[in-house]
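Taken from Swiss-Prot, the feature signal peptide applies to 1-17. Sequence annotations record features per position, and here Swiss-Prot assigns domain 'Collagen-like' to 40-96. The region 'Disordered' feature in Swiss-Prot is assigned to 49-101. As annotated by Swiss-Prot, Ca(2+) binding site applies to ASP250, ASP252, SER254, SER256. Among the features that Swiss-Prot reports, N-linked glycosylation site is placed at ASN301.
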Amino acid sequence: MALGSAALFVLTLTVHAAGTCPELKVLDLEGYKQLTILQGCPGLPGAAGPKGEAGAKGDRGESGLPGIPGKEGPTGPKGNQGEKGIRGEKGDSGPSQSCATGPRTCKELLTQGHFLTGWYTIYLPDCRPLTVLCDMDTDGGGWTVFQRRLDGSVDFFRDWTSYKRGFGSQLGEFWLGNDNIHALTTQGTSELRVDLSDFEGKHDFAKYSSFQIQGEAEKYKLILGNFLGGGAGDSLTPHNNRLFSTKDQDNDGSTSSCAMGYHGAWWYSQCHTSNLNGLYLRGPHKSYANGVNWKSWRGYNYSCKVSEMKVRLI
């Protein structure tokens, strides 16, 4: 083998054999003799050195993405009540309303632009506010309803005190109360309208030129004007100038109690031609004259489905 003058040649011969690991190296340097190096097998690993000191703390990594929310835990115990807060400032005063400026009748409400039938507050002559049903649809509107029967949901066979104060429900049947009716009908001349319906779908009415009841000292005596007409006919005039009677106060002209005998409360004479506060018997009935009767319309053996008594200031 020829060797260049300025080159370094390394000839490496590696011999691998099972169980052997020598490696023979022959080096030939220009101008020197050949040098042969024989490398032996690696020795056994030395013992582990001592543990090095901990390195300096690295920079904190960036926060990872939020994990999936866990399930809601059970409700904890109720906490103690907090301290009472500071009282708020007084609000602005609402629009003033008094008996001097407030409406006195449903007719007055109608003239003020209240055209829907419903419950309104009016003011009686003694300044008492009174919630009343205003019929704004029938015969020109402006009627104050003081009696209504329509489904038998309210018991009308009651005592003197109940009729004095009034009873029933705004959602159904009611009697406005004799004291209230007296106050309403002493403000001036009020006309009366009685609206009736039967269970066959027929409707009719009776109308009177004036209607007033006196105070309790006069036993709520009825003062009735002329019958003006209506298909229901006149079944109230015979009760004119009669006193009001209930099951516990008999003021009629009969030797027996008309209120007890006909299960009602009315301006009975001897005894009646109308009994609109009688038993709610739902149409034809075999019993005599103890239903919601108006003799001139359906007779003594037919109890009306609906009756409404209402007044309007003229």
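Glycine is treated like the rest: Cβ placed from N, Cα and C.
Other Cβ atoms within 10 Å of the Cβ of SER256 (Ca(2+) binding site) number 11 in total over all chains. Note: the Ca(2+) site is recorded as ASP250, ASP252, SER254, SER256; in the same chain, SER245, GLY253, THR255, SER257, CYS258, ALA259, MET260, GLY261, TYR268, GLN270, CYS271 also have Cβ atoms within 8 Å of that site's Cβ centroid.
Between the C-alpha atoms of SER254 (Ca(2+) binding site) and ASN301 (N-linked glycosylation site), the distance comes to 21 Å. Neighbour counts were taken at the CB atom with a 10 A radius for the binding-site residues ASP250, ASP252; the maximum falls on ASP252. Cα spacing between SER256 (Ca(2+) binding site) and the residue listed as 'N-linked glycosylation site': 21 Å, rounded to the nearest whole number. When pLDDT is averaged over the domain 'Collagen-like' (40-96), the result is 72.
Cβ neighbours within 10 Å of ASN301 (N-linked glycosylation site), excluding its own Cβ and spanning all shown chains: 16. Taking only the Cα positions, the spacing between ASP252 (Ca(2+) binding site) and ASN301 (N-linked glycosylation site) is 22 angstrom.
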